[in-house]
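Annotation comment: TrEMBL describes R13, K20 as site 'Transition state stabilizer'. The feature site 'Positions MEP for the nucleophilic attack' is assigned by TrEMBL to R153, K205.
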Amino acid sequence: MGVVVVAAGSGTRLGAERPKAFVEVVGTTILERAVAGVLEAAVDELVVVVPEDLVAEATGRVDPLRPEGVDVTVVAGGAERTDSVAAGLAALSDAVSVVLVHDAARCLTPVVVFERVLAALAAGAAGAIPGVPVVDTIKVVDAGGVITATPLRDSLRAVQTPQGFDRALLTAAHASGAAATDDAALVEALGHDVIVVEGDALGLKITTVDDLARAERLLSDH
Ligand code: CTP
Ligand code: MG
């Protein structure tokens, strides 16, 4: 199984001095926490995607975490998340038939979430992603702010990563060149069923300063 960890974003909403993956949470970078978490799963190959000017630094940070027998490669990402995922996919060897794409910013994700995604794929799903029930009522609005729909809350899930797919299918989905905020949307657009498995509160994405503070609290609780 191959994993692509995308860590090439700039972290505009976090507003730190360094790109988000290089910001520390309780003394360890988001990048290193994410990679260490991923490596608790049954990984054969890992590709880490970072800003071009930080490939050397990221290699130095990730290399000491590499277990015997696991291939780890660090490559440069692109302007959009989709570009970074595509760069990561291209760096996987031909031996990889199942791939998980994971946001470095979700660096507290427990290994059980990786295992649930992998179990769904092993059971035959073309794609599987973690999700949690939403607590708010969600409205669909038009450009003028007028509500056009109120989806039943019980049918909604807030989705996380790792998102797992048949590697060839995800590569084909990316070949469309479409933009999307997650990989599942690209695979759904090809008409394939993607399954949502149970996510975890620790799968939160560190996006804002508040999220960073929350992640620090969660770590001190464990
Ligand atoms: N990402 C990436 N390449 C990009 C944009 C995002 O690899 N061009 C990665 C981020 O590093 C992050 C994940 O995709 O791990 C989710 O993106 P997000 O949380 O939006 O991170 P940023 O884009 O860095 O943050 P912001 O949108 O606030 O700038
Ligand atoms: Mg972003």
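Cβ from N, Cα, C; glycine included.
Since the structure is predicted, the reported quantities are computational estimates derived from the model, not experimental observations.
The Cβ of K205 (site 'Positions MEP for the nucleophilic attack') has 18 other Cβ atoms within 10 Å, all protein chains considered. Among the recorded sites R13, K20, R153, K205, the residues whose Cβ lies under 6 Å from any atom of ligand 1 are, in sequence order, R13, K20, K205.
In this view, R153 (site 'Positions MEP for the nucleophilic attack') is surrounded by 12 other Cβ atoms within 10 Å of its Cβ, with every protein chain counted. R13 (site 'Transition state stabilizer') has its Cα within 10 Å of the Cα of these recorded sites: K20, taken from K20, R153, K205. Secondary structure from DSSP puts R13 (site 'Transition state stabilizer') in coil. Between the CA atoms of K205 (site 'Positions MEP for the nucleophilic attack') and K20 (site 'Transition state stabilizer') there is a gap of 11 Å. Counting every protein chain shown, 12 other Cβ atoms lie within 10 Å of the Cβ of R13 (site 'Transition state stabilizer').
Between K20 (site 'Transition state stabilizer') and R153 (site 'Positions MEP for the nucleophilic attack'), the C-alpha separation comes to 32 Å.
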